[in-house]
Structures are given as C-alpha cells and as structure tokens.
Amino acid sequence: MDIEEWEQRHAEAFYNAKEALPYLDGMFVAYNSNIDAIRHLTEEDLSKLVGFFDESDIQDRVAAYPREIAEPLDFVARLLISMREGKAAEVPAYTADIHEWLKEHLGFDYARMGGQAGIISNLLGRLGLKKVVAYVPWLSEEQAEYFTATGNILHPKVENGKVLLKPPGEAFKPGIGSKVNWILEYSKDMNVTCAGNTFKVPRDNRLIISSRPKWLRLDMDKQIYEQLDTLLPVDGAMLSGYQMIKEEYEDGSTYKDYVENSVKVIEKLKSLNPELRIHVELTSIQNRLIRKAILTEIVARHVHSLGLDTVEVANALNVLGHEELSYSVIRKGENGIMSLYQGAVQLMKDLDLERVHVHSLGFYICILAKGHPLTLKEHRDSLLFSSVLAAAQALNGNIENLAEAEAGLEVPVSSIGLEDLENFQLYCTGRKLCTPDEFEYGYVYGSEHDAILIPSKVVERPKATVGIGDTISAGAFVAMLAKIKQKHSGK
C-alpha cells in the first residue's frame, strides 16, 4: 500500500463528498446531548487526586473495577484503569455528588456541547446540510445554547397541539435541569505513580463520567411521535444515547418499555420514508443486560448501519456469545486486525445489518452486505471523507465549516495504520477474499459481504479527542447517503 496514493485518494474523496452533500434534504439526529465539562489532566493534577486517598484503598478499588461512580474513590480507580490501558471509557454516575466534588477539588478548563447526538447535530449543521432536525428529550434552556447557530439546526416543539420545527433556543423545555458530563483527557507518555507502581500512559485518550440523573428518560414526546411526519423530508437518521436506558425505574417501568418505544420510533420513521437509512452509534455500555437488549432488540433487524470502535466491537461480541473472538479483539496482538475484521463480519451477520463501520486508531473497517447501491470506491470515498473531517477536528479542536475541514488534508495518513493493513493483506489474499492488487485499493470481497479497509489520517498531538468517533461515523454516513441521492438524481 502506497502512502502517497492514499493521500491523493483522501483529497479526491473529500472534494467528491463536498460536491454530493447539497443533494441531501436533511438528517434526523436523536437522542443524547449534554454539556461537557472538560479538563485536560497534568501529572500534577493526578498526584493531587491520588493524594486525597490512601493508596492501598485505591489499589483495592482498581481491583474491584467499579462499574459506576458512586463516590470519588471510584472515579480515581477508573481513571487509573483508563490511563494504564490508554483506553477510552464512559462510566455512569447517578447522583450529582461527584459533579460537586470535581468542581471543588479539580475544576474544568472549558465547557462545550457533548453527547453523541449533540456533537453529530452540530457537525452536520456546520457541514452546511439543508436541514438537521435534532431531538433531545431533556432539552434545557442552557443546553440549547450549545447548539451551533448555523440556522439549519431545528428542534421539534409542541405548540397548541401542533408540532413545529424551531431553532433549539426557541424549543427548550422551561424549568428542566441540564445534564453535565465530565471529560478527563490525558496525554500519551504521562508518568503515573500509585502505591509504588509506575507506568507510562500508552496513548492520548479520556475517561467520561456520564451524568445519569433520575429524571432522565430516553423517550419521545407522544405528540411528536404522533406527528413525526413534520420532521420530513430527511434522508437518514442517526440515533444514539441508548446506553442511558436503565433496567428499572422508580415508577415501575423497565428497560423493556423504553426499548419497545425506541423500536416504534424507528419503524415509524421507516414507514414515513421507505428510502430512509438509519444508523445507530454505539458507545461504552457498562450494563451487560442493557448492552445485549440494545443490540438484539433495537439494532438487530431494525436499523441499517452500526458505528463503533474496537472496544465496543469486543463488548458487543461478548454479550452476543462470541467470548473467544471478543477476547482476541481486545487483546490485539499481531492478529488483532484479523480478529477485528472477523468481529465486524460477525456483528453484521448476527444483527442483520447492511453496514458495520469500525473506527480504530490509524484505520477504518467497513463491512457491507451484498447488493448495496454504491460501488466500493464510492463507499471508500465516504470513509476517506470522514478521515479528513476527524483529522481537522483533532487538529483544531472543532470544525466551523466545510472550508475549515480542508485543514484535515494536511494531516498525514497514519504509517502505523498502513502497516496494520499490510499485515492483514496475507489473511485476505490467503483466503482468496481479494487479490494483492484489489487490496491496494482497500477492497475485500467475501462470499456474503464486501469490505473496505482504509488507513486514516492521525494527528500526533490532538487538541481534543472527544467526539472524534462521532465525527468519523457521521461524516461517513452522510457522505454515503449524499452519494446515493446524487446517483439517483443522475448527476
């Protein structure tokens, strides 16, 4: 694989997608947005945090692997686990106690739009789409201020029994509280010492403490559901936030009620526009029962596309009964990319999907069901476009418009990602999934699926890591939909 060739392909793909985007009528994005309080940690910050506790207590809590943040010691333990492995993690907190403790003992550098649906809505708005309909069940006045003022982002609001699309600043629910998540970012090569043990952080990443207040419900307003046609025309929907569903609620309802309602929304969207494609963006889901329910009851058979990272592939495989493959994905090693590929194929089969898009540091894998309306090159272009967007976001911290996104073209293609793909070539050619020439283009042909593998652009020292995965998935999905619309128009 020639790195210069891939640089050229990125440029060509970016301009092809730019040309296709105006063909889209609009996108629907739901459900989760919040305010992110972001702190970039230094070694001094870490020493201070560790210093608040007895180090043997920290070690015990690390070994216990807390799955929620019930007290500050849980937070420090999960932070050390995340830093040791260099892996992103999202851990829920069900009270405001940790929020108050962090404000008092650490503080944040700045606040911005958070939550997958919020981040994706703002990105699509800035890419200049005609219309982006965002829907957040808990839209507060403060939260509404974090939507970008591009004029093309709208939110449904019920007025006198009628659903109208209005700018978020005119569509919020009065008197509702805001959901605030803490994002603790850390850098590669930071030295960490606790209880006599020292390690070096292997890569830039972050720990997210996800606020899950008791009043939070992942649901759609009944009147908005009944008048869902007011959202149209839209060409696609990107849905996320299902990780917020709880097993049981104080009012006696359970996760089953919210799963059922979520599926009803998906099915109604599809009935209103049979051409509509729906993408679910996965994230870290600590609760295994909820993780399995999301995959087998919401995603399987109901949506077209799934976006996720390496850890999420492993976690999904695990609850679907593929423990050995899951372990192989998470362990990485020399066969890591082969396991990741096999895992993505398995997810497509198990969940009956049209498309599975996996983003890993340095490369992306996209598995496609046979009979998809685009050529492999057109699919590849959509992935390369998203690679440029992600590079621009990592480089500058955000993307204000398509012109600014071009900065991503200056970021080099990852040589490590390219090397990972070259190691995978023997696996593909050995199984006759492609010829060496086809692999040079990133194309793989299975008996029941096709696949595209591309090396991505990677910023050595990113300004921010939050939202990069959402940018990759959203950029690729809308570029794909735009190309389908452009082809249908015959232009």
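Counting starts with 1 at the first residue shown.
Any Cβ shown, glycine's included, is placed from N, Cα and C.
Annotated features, as they stand in Swiss-Prot:
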- 4-486: domain 'ADPK' (DOMAIN)
- Glu281, Glu312, Asp470: Mg(2+) binding site (BINDING)
- Asp470: active site, proton acceptor (ACT_SITE)
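Features recorded in Swiss-Prot, as mapped to the structure shown.
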{"residue": "Glu281", "record": "Mg(2+) binding site", "CB count, 10 Å": "27"}
{"residue": "Glu312", "record": "Mg(2+) binding site", "CB count, 10 Å": "23"}
{"residue": "Asp470", "record": "Mg(2+) binding site", "CB count, 10 Å": "25"}
Could you name the residues, excluding Glu281, Glu312, Asp470, of the same chain that surround the Mg(2+) site, i.e. Cβ within 8 Å of the Cβ centre of those residues, in sequence order?
Gln116, Ser240, Leu282, Thr283, Gly307, Leu308, Asp309, Gly469, Ser473
So, in DSSP terms, is Asp470 (Mg(2+) binding site) helix, strand, or coil?
helix
Helix, strand or coil for Glu281 (Mg(2+) binding site)? Use DSSP.
strand
